[in-house]
């Protein structure tokens, strides 16, 4: 009986700790982000270090240097080719919008006239508010200077470069030391636990590590697939600024509930109203292809990488997003992973009867 009561209190304490963990993360996490990123990257690179040491018989220090500089080179190449291409297309896109701003304004006004009959059916206060908001939007559109806005944003980014450079430098230096001394850090950490509980801690940490890395890898794989399929499809359809639009689709797709359909379906409807049947059908086909590919790939990737079902992942992402915003998209699944790890290590009882 005493053992059961003890387990109940331990379970309650762990559940309360898990519930308080997001609050603690919300206030403390931002100050340690560079070091946490460096530690996660070091853990992700560790399997490659172990593979090099095991198969080439080289010392750990040399293996760390090889993986470290390989990682830096890969990031630099990806950053150069993607960012430069996106910036070029973004500048071209803003130039196009700026030149055709009068046509865009005219299109919105014609759309407004088409839906006037629907607006008039609404209560007078609501219709007046909609009319006022629309006219304000059209006025703002007429005075819009996208190039000036973009260059202001670039200037703001430029002024933030010293701070950003310092943060990146801290991450890279921390990554090097974490990667070099990771086995020693693990041994020091395990010394804080008794022999009887050390094995449970190892089980929990291994599950968290594998699931966290798997979750990040899974999201990266899914985002890469979304970007490749959408950019290739948009290129085939002859859409200008395909890379920018594909990048925007990836960002929207990461957010809970929205998905690629929130971009492609309205766009297809608009193309159909403009008489561009080819583009409309192409966008719908692209949406169906992306949906089918994702439905086939997503459960397999998420199931294999983090051990959570698609439904559990969706619920944890949505609840995390509602509670903590974008940060909760990542912390939500992490809390579920932590709970499952505690259950596996038998810290939390597998079955409790009330």
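Residue numbers in this text run from 1 along the chain shown.
Cβ coordinates come from backbone N, Cα and C, glycine included.
Predicted automatically and left uncurated, TrEMBL annotations should be read as such.
Pulled from TrEMBL, these are the features on record:
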TRANSMEM  7-29  transmembrane segment
TRANSMEM  35-53  transmembrane segment
TRANSMEM  65-88  transmembrane segment
TRANSMEM  154-178  transmembrane segment
TRANSMEM  220-239  transmembrane segment
TRANSMEM  245-270  transmembrane segment
TRANSMEM  277-297  transmembrane segment
TRANSMEM  317-343  transmembrane segment
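The transmembrane segment (277-297) shares more Cβ pairs under 8 Å with 220-239 than with any other stretch in the list 7-29, 35-53, 65-88, 220-239, 245-270. For the transmembrane segment (7-29), the partner stretch with the most Cβ pairs below 8 Å, chosen from 35-53, 65-88, 220-239, 245-270, 317-343, is 317-343. Within its own chain, the transmembrane segment (65-88) is flanked in space by residues 41, 45, 48-49, 52, 172, 175-176, 179, 243-244, 247, which lie at least six positions past its ends and keep a Cβ under 8 Å from the stretch.
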